[in-house]
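Among the features that TrEMBL reports, ATP binding site is placed at GLY246, GLU247, SER248, GLY249, ALA250, GLY251, LYS252, THR253. Marked as domain 'Protein kinase' by TrEMBL: 1-102. What TrEMBL records for 153-429 is domain 'Myosin motor'.
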Amino acid sequence: VGTPFWMAPEVIACEQQLDSSYDARCDAWSLGITAIELGDGDPPLADLHPMRALFKIPRNPPPTLQQPELWSSEFNDFINKCLTKDYEKRPTVSSLLQHDFIKQIEGKENVLQRQLMEFIDVHQQMGVTEKARFERIHTKKGNYSKSLVSNQEDVDDLATLEVLDENTVTEQLQKSYAKDQIYTYVGDILIAVNPFRNVDIYSSQHSKLYIGAKRTANPPHIFAVADIGYQSMVTYNSDQCIVISGESGAGKTQSAHLLVQQLTVLGKANNRTLQEKILQVNNLVEAFGNAGTIINDNSSRFGKYLEMKFTCGGTVVGAQISEYLLEKSRVVHQAVGEKNFHIFYYIYAGLAEKKKLAHYKLPEYRPPRYLQNDHFRIVQDFMNNSFYKSQFELIEQCFKVIGFTLEVSGNKPHPAPLFSHFRSCASWL
């Protein structure tokens, strides 16, 4: 099947997916790559480390000649047929022999052989051009090839390492972390190590630095992931998906917020209010769906699917959040050392600050049963919490930005949806 640059997508997929398979048509793909190599001098992705090529080949559209206009339509069509992404629709090698590009040489074999001999003589006179050499990569499916690149002291992409095992990865991550570089690539994957402190790498200047830039032009960053997804969406006119995974406390919630922030900047919403709504909705969802646990003070207690919508030109026009598996039981029961959802504490502290606890029939001296735990024995524990008070003001602002405000009927104000939410939370308590 050849080295990574010539490997068909289905062959690479078999390395990770047990239900994947391939047949002899993978040779047709390799033939198409060889045809491109003959035309361009190098196979597609030749400038990448072979391990990165393994990530790219299944994800990228089928490659083409760099300058297809310089070649005949028959040659371009032959390559397109060979590089059909779905191998079940890809022609076999025997059927490719009937292609117009191949059939046109019938009766010209001797002439073409002489031309090739002449080309060989010309190249010998010009001298041999050194090209990158490759050695074998050992995997469960056999041997792949990798380039003979010298070991680097510090790398931005772990896929470029000669040895890729747990100890090597851990060592490289430790080196990067010691230099305040919390992001590292592994091919198309971005590893983020939670610093558990504020780091000055998310300013507007950093945001601009990654817009439309090559991935290798700047250090690894979550803004680069957002830019790659956005540019791929606009270029290929196809949906893109970014999956965030990790243990509790790894920083998934913050990573999602940063992605939305950068995608909103890239989308350049025509309506400033729309941009604010998209950015504020995350804070609102966190308040109602996150809670303090033993190992994470801001743990998401639900699965979140955020869908951002863009026009064909790349302008953001909206966002939609779907929640899954919300831990509803936490409202009435929390494990020892854990807390209820944030929103209850925010509202209690905020209403206490505004002297409105009695209006919502909430006790001022004894905490409601759903908020009684080891953390809060008396109401004053969270009534006087300055962080909760500030978060209540933030949530109020979020509601107003999204569209919940005080409505007025005549000269008499009456509760609008904003206060209805507060009343609902108070009734649960």
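Every residue, even glycine, has its Cβ placed from backbone N, Cα and C.
A TrEMBL annotation is a machine prediction, not a hand-curated record.
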TODO: Run through the domain 'Protein kinase' (1-102) and tell me, per DSSP, how many residues are helix, strand and coil.
DONE: 56 helix, 0 strand, 46 coil
Task: Whole-number mean of pLDDT values that fall within the domain 'Myosin motor' (153-429) - done: 86
Task: For GLY251 (ATP binding site): intrachain residues, at least 6 apart, with Cβ closer than 8 Å - done: ALA192, ASN194
Open item on the list: Quick check on the binding-site residues: of SER248, THR253, whose CB has the lowest count of neighbouring CB atoms inside 10 Å?
Closed with: SER248
Open item on the list: Counting other Cβ atoms within 10 Å of each residue's Cβ, which of the binding-site residues GLY246, GLY249 comes out lowest?
Closed with: GLY246
TODO: Enumerate the residues of the same chain, GLY246, GLU247, SER248, GLY249, ALA250, GLY251, LYS252, THR253 excluded, that satisfy the criterion Cβ within 8 A of the mean position of the Cβ atoms of the recorded ATP site; list them in sequence order.
DONE: ASN194, ASN296
- [ ] Just name the winner among GLU247, ALA250, LYS252 (the binding-site residues) by count of other CB atoms within 10 A of its CB.
- [x] LYS252
